[in-house]
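K.L.:
Structure provided below as structure tokens; questions to follow.
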Amino acid sequence: MSVNDWAFLVLIGVILALLLIPTGEFMFRVYTGKKTFLSPLFVPVEAWILKACGAGSDEEMDWKSFAVAMMIFSVIGIVFVFILQEVQQFLPLNPLGATAVPWDLSLNTAVSFATNTNWQFYVPETTVSYLTQMIGLTVQNFMSAAVGMVVLVAFIYGFSRRSSHTIGNFWVLLLRSIWILLPLSFVIALVLVSQGAPQTLSGPVTVPLLNATNDSGGNIITTQLISLGPAASQIAVKMLGTNGGGFFNANSAHPFENPTWFTDLVEIVAILLIPVSLCFMFGKMIGSVKKGIAILIAMMILFVPLLGLGIWSEIGGNPAFTPLGISQAPSHLQSGGNMEGKEVRFGPVQSAAFSVITTVTSCGAVNSMHDSFMPLGGLVQIFDIQLGEIVFGGVGSGLYCMLVFVIIAMFIAGLMVGRTPELYGKKIEPYEMKLSTIHILIPIFLILIGTAIAVSITAGTSMTANPGPHGFSEILYAFSSVSQNNGSAFAGLSSDTFYNLTTAFCMFVGRYAIAIITLALAGAFVAKKIVPPGEGTLQDHRPLFIIWVVFTILIIGALSFLPALSLGPVVEFLIQMGRGVIHV
């Protein structure tokens, strides 16, 4: 690794450390109704919207009403995006004349963006119009992220309130989430535009090629069509809301989505900003910042080794080139390492770092092709996702999924010392433990059963670009990604009706079943009294607590997915080590 690579990684950490507290404090003040510098603008608008909708800011909901409101809102979003894709040929802002999207692909896309997954089985430049991108997909980038944040705040109320039966008002919290996302997205979009990302309603432009070329039919090609569009506004919230769906097919590897090293830095910071700041906000809301920081430290302990392994796997290069005498060492002429599927403006270190960050969160954006990573690099990406998107995770969803693991860890710890388990002053009883267990098992079942079905039928195996262990990895990655609402992919997997429908089902269940169970947990905890810690209570901010949570997460992750990983990336790695080249 060069000095520039180290400086890039350190700069990410420094910027996040500087922004963590002010961003967390801002979110805390927004959700608790305290005054912020944006209150003069947003408070009157919020009051007007709530009045127009017949909702009051002081009207609270129990967890069931909250869940119903969430599902109604989300299903309306799915239906709207589905219909929009089917009628886009009749609507304006369609310079390339995009036609109606096939119904199964349209359903997959609608569910994908509403669930914050942003799995893309289509080419955005040619499949959807500017209007569909703007009022359909970009709007859902805001709304799906806001829903995740809303569920988290309701879950936090479960711990911070006592002897109650309400967990907030869905509509009020939804609006306040938008007040957080909107100004931050605006700033990020301006930065992207300043660096060269397009934000225009003009159609594509035709430019002459520097060197003429021939197409597959032997015809001489002298010009190229370059797609444009209102990209910067969608890219900003795609990153900030950990959505990940690209305006262009190459996603953040495209020079219009991610033009420079500086935009790469901005996009990485945008991905991590809200997830890490939510830990601080969580601590503030339950009355102890150090408890939120303890959760953040646990996430960091899991993250740093994964980041290191991901980078190490790529800077070493591809052993298949060694017998050919091809140098993969870094020099003033090349970045070195495994450069297949990577942009030269980023190199292997920035590409690997981006891939780890986008898979530990639920973002799913890519600045390189994950399918071209070394087996260990691919293993890290898949394992990141399979951990449950809890290492930072998606905005809102990452922290509430992490807290479910904390519940299980504290339950086990309580049983080991022979006392009633408790967390943040709330007792953990069989009902909460059953819900937490189901919460963790649902994505595990979706991933493993979905993969098993796909590898057992022709409709599943015929869509992989590679046979053997890498083909299995492509399928395993796909079902891991959609079930955990990540959205990235090993791009060697193509779409058909089977994958469009099965992945849509996994996305829907993986998002909303988990969210509903989280709300049920919030409803159970909010009704409990807060009990003072006693002798033998595991302090929920001490190093022992952090280590125990990390240990619990790793045990559950290893036991759940090690057999499946052994059939894919682990086998690839062993073949690579044994022969120096991968044969598939």
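Please read every residue number as a count from 1 along the shown chain.
A Cβ is built for glycine as well, from the same backbone N, Cα and C atoms used for every other residue.
Take a look at what Swiss-Prot says about it:
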type     : residues : note
TRANSMEM : 8-28     : transmembrane segment
TRANSMEM : 65-85    : transmembrane segment
TRANSMEM : 139-159  : transmembrane segment
TRANSMEM : 172-192  : transmembrane segment
TRANSMEM : 262-282  : transmembrane segment
TRANSMEM : 292-312  : transmembrane segment
TRANSMEM : 398-418  : transmembrane segment
TRANSMEM : 440-460  : transmembrane segment
TRANSMEM : 507-527  : transmembrane segment
TRANSMEM : 544-564  : transmembrane segment
K.L.:
Counting a contact as 3 or more Cβ pairs under 8 Å, with residues at least 6 apart in sequence, do the transmembrane segment (65-85) and the transmembrane segment (292-312) touch?
P.N.:
no
K.L.:
Report yes or no: does the transmembrane segment (507-527) come within contact of the transmembrane segment (398-418), defined as 3 or more CB pairs under 8 Å with a sequence separation of 6 or more?
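P.N.:
They are in contact.
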K.L.:
Return yes if the transmembrane segment (292-312) and the transmembrane segment (8-28) have at least 3 CB pairs under 8 Å (sequence gap of 6 or more), otherwise no.
P.N.:
no
K.L.:
Quick test of the contact rule: Cβ under 8 Å, at least six residues beyond the ends. What residues does that give for the transmembrane segment (8-28)?
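P.N.:
For the transmembrane segment (8-28), the far contacts come to 34, 36, 180, 261, 265, 268-269, 272-274, 276-281, 284-285, 349-350, 353.
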